[in-house]
Amino acid sequence: MSKRIADALFEAAYLSLITLFIAFSVIPVLVALVLSFDARGFMGPFPPTQFSLRWYERFLADDYYHAGLATSLIVATVATLIATLAGTLAAIALSRATFRGRAALQAALLSPLVVPNVVLGFGMLVFAARLGIVDGMTRLIMGHVLITFPYVMRTTAASLVGIRASYYEAALSLGAQPWKALVQVTLPLARTGILAGATFGFVTSFDDVGVSLFLTDAFTYTLPVAILAQMRANLDLTIAALSVIFVVATVLLIVLLDRLAGLDAIVGRGVYGR
Amino acid sequence: MLWPALVIMAPLLLGPLLALLHESLKPYVGGRIGGDDAGALTLANYAEIAAPEYVRYFLDTFRVGLISSGLALVLGFPMAHFIVRRASPPVRRLLIGGLVGTLFLSLIVRVYAISMTFGPLGPLSGFSRLLGIASNSPDGAELMVVLGLMNTTLPLVALTLIGTLQNINPRLEEAAMSLGAPRWKTFFLVTVMMCLPGILSAGITAYAFCISNLVVPMLVGRGFILFVSNLIYARFSEVANFPGGAALSIAMMVISVGLFYGLLHLVRSTWQEAGK
Amino acid sequence: MSITRRAFNRAALAGAGLAAAGPFAGGLIRPASAAERLLVVQWGAQWIEVSKQIAADFNKTNDTQIAWELHSGGSAAVIAKIKAVWPNTQYNVLSVWDPVFRTLIKEDWLVPIDESIVTNLATIPDQFIQKNDKGQKMTVPLSTAGAFWGYRDDLLPGGFDSIEDLLRPEFKGKLCVPYPINLTGLFIVSCAIQRGGDEKNAEPGWDFVKELASKGQIGEICTSNSEYINAMATGQYSVGFWNNGGWFATAKNFPVKLKNRMPDNKGFLYNEGFCVLKGCPEKAAFEFANFFAEPKMNELYNMNLGSGPTQPSAKTNPMLVDWYYKPDELAKYAYFADFAYLSSVMNEWNARWEREIVPLVRRG
């Protein structure tokens, strides 16, 4: 009897936490959606009283945002590619390594996670200047590799937790080449983690303000920096319109991937997938 | 397999670090831009932030970060568990799609949306009263910062935990329950315990994100809640006291990397399988 | 996308060919002035909108290409970037204000204004122009701007008489003020003036701020124009201290009254405008600045920004009639702060705010 009550209580708590999760995640998206149609040029009481498409029009009409968007996409893509390649290999290598100082090395590689982006950005600006690098794109990619790498490595490492080294060793003992065992056994199992890590990395880079603020130059600036510049002078809800565009684009992309390959094929099912 | 990371990351990590370290030792004269290159190196910039008042900024940062990432874990784990263990394929797809979708909501928009919703004029302003906090008080500002940070880390935590849970054998839970263990006991003693390394690593990532954030306290802290990042930003970007900002940066780096390393070490020594 | 300095010059030269084929196809090209390209740093929103409009006019008679960049942080953020690569900066013309002018002059980064090209400088009152140690004119002031106390008349009908009133209980949580480094500490200076001090004797000001802070009167501390505009739009705060830009935007949506003629306090006036960095195509930069300083353009520029024109013959936006002072009021109500001094203590004041004021407001 008490077990039934305890189970029921647990179930209620479990489901209410999930409901809260969904509520907290969905509300900002809905509010952003409404704000993106807000006709007012100031942050008045919610909900808005007049609606317009001015923020969407502004984004579509202004080259300033387009150039920022292009730079952001290039920087995020290049930085994520570099970070994913190096980060995945490092996570796998570190998960097996036994040498002294392994933990210290891991902590060092993950350290950009805990260091404020402003610090990384300013440090990179000074460092790049001493190397004679004044080119914005190079500086930005350097800074963004630094901030995306730990996400990939951390997430990949987390997904490797359940994958026992014995699977890899079994493959080896069955005569597989080490690289083949890696590509055919470890990587597919860690796929969720790698993909999630790359996604986090991309988003981190795409949404970054702290690092980019210092590394952009006159002709190479990222979208969030462009928007922040507009926003500091006066309220600009273009960013709400943009977010809505991105959320919609992402959801469409996910639906498309799901239709083409099946979401499970991309996200993976893990070792014990049903 | 380690060398690509080392070749790429070593200069990117050490270069800025050394540049900052050097900058932090330069003397600063009020009204100038950056440190005096010609002056003798000094520890004065560190002495300036050694004042006890600055301890509170570090404590505020770490405390608010802990609350936010803790909440994100408490909400994120059941969600990840639900997606991996219970959701039907269409629901699972919907939820994962939604999670990835919300990742792309810009942080700036998120924070505005939260303050519009839960702020004093928002439709859900009653939420803070529920917690006994007046939304226009300094505690109300802290609540906004917590909600902003938690909201940003939620999808990140949930997606990381999905990865962890997928690699935990569901038979263990089934076995525990078939032996008569109540649900809650199975959940906490089997599922949560098995996932602890993953939970802690997701928690640490979320925590790291929170304590290094600049934008959230800047936008909704109303000048009451200042993270160490905000103090650093003011020095780099507003008063051009680069040496002071660099000294504060080094202090923050040492403390938070130490904290991070300590936590990781704790995780690893307690749960040997972590990172293996 | 990425343009090194050399490639940048090459692009500028290539651009020259294009531009020459455009408006000057008639053959009126002066061979000596092959088109230059200028990179101008400006604030976003209304500033960039009106500037682009004027630059389009400028390009009808001048083939200099104008590229814009926006200030992304405080004005000092662009300074950090310049410092990192000096003297190889890409920037040519900066739109900033008096305290930043002082810093730039101190760093010796600016070129003295050539009055034979910037002929419109002659009619701009001399006290608006910042000079270097040798007395050379270093800036082209385009706007007279100010920082004032004010209130929302709909929330606080009748307002207040003196900022001493703001210590009363009914103003708890009602004040919106700048972070001390915004507006270069003018908020502290205003509080100091209230208690008989000034920027060099700021101690009374700090005491007043501490009183405000410990009583919980301060509801929000803002660090940018948009934050201030948003804060005042929420209706939670009825009183504030900010620049004319923030008040102007607020006044478009709500009834606003400025308290710029209080018997025991003053309003601050300063100038915004252009300066020219060393190592840039100087002639083009001066021609560009001169075009903006021309009375008609000066009028258009300021009409949209809520600031006063620097050309005496230019008209002021009728919304701002009471915002600035008539010549005979200047001595009584206006205060011209010593920005060279203020920028030298800004770091100290910032640290002091962090150590002494934030703990008080946090407790509020």
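Backbone N, Cα and C define each Cβ position, glycine as well.
Annotation comment: TrEMBL describes A:12-37 (among others) as transmembrane segment.
Distant neighbours of the transmembrane segment (A:64-95): 58, 102, 105-106, 109, 137, 140-141, 144-145, 147-154, 156-157, 160, 165, 182, 186-187, 190, 194, 197-198, 201-202, 205-206, 219-227, 238, 242; these residues of the same chain sit at least 6 beyond its ends, with a Cβ under 8 Å from one of its Cβ atoms. The transmembrane segment annotation in TrEMBL covers A:64-95 (among others).
Taken from TrEMBL, the feature domain 'ABC transmembrane type-1' applies to A:69-257.
For the transmembrane segment (A:107-129), the residues of the chain that approach it from at least six positions outside its boundaries are 90, 94, 138-139, 142-143, 146-147, 149-151, 153-154, 208-215, judged by C-beta separation under 8 angstroms. The transmembrane segment feature in TrEMBL is assigned to A:107-129 (among others).
TrEMBL lists A:141-161 (among others) with the feature transmembrane segment.
Under the heading transmembrane segment, TrEMBL lists A:181-203 (among others).
Summarising the annotation, TrEMBL assigns transmembrane segment to A:209-228 (among others). Residues 64-65, 67-69, 71-72, 75, 116-118, 120-122, 124-125, 128, 134-137, 139-140, 142-144, 146-147, 236, 238-239, 242 of the same chain, all 6+ positions outside the transmembrane segment (A:209-228), place their C-beta atoms under 8 angstroms from a C-beta of that stretch.
Feature annotation from TrEMBL assigns transmembrane segment to A:235-257 (among others).
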Proximity of the transmembrane segment (A:141-161) to the transmembrane segment (A:12-37), 3+ C-beta pairs under 8 angstroms: no
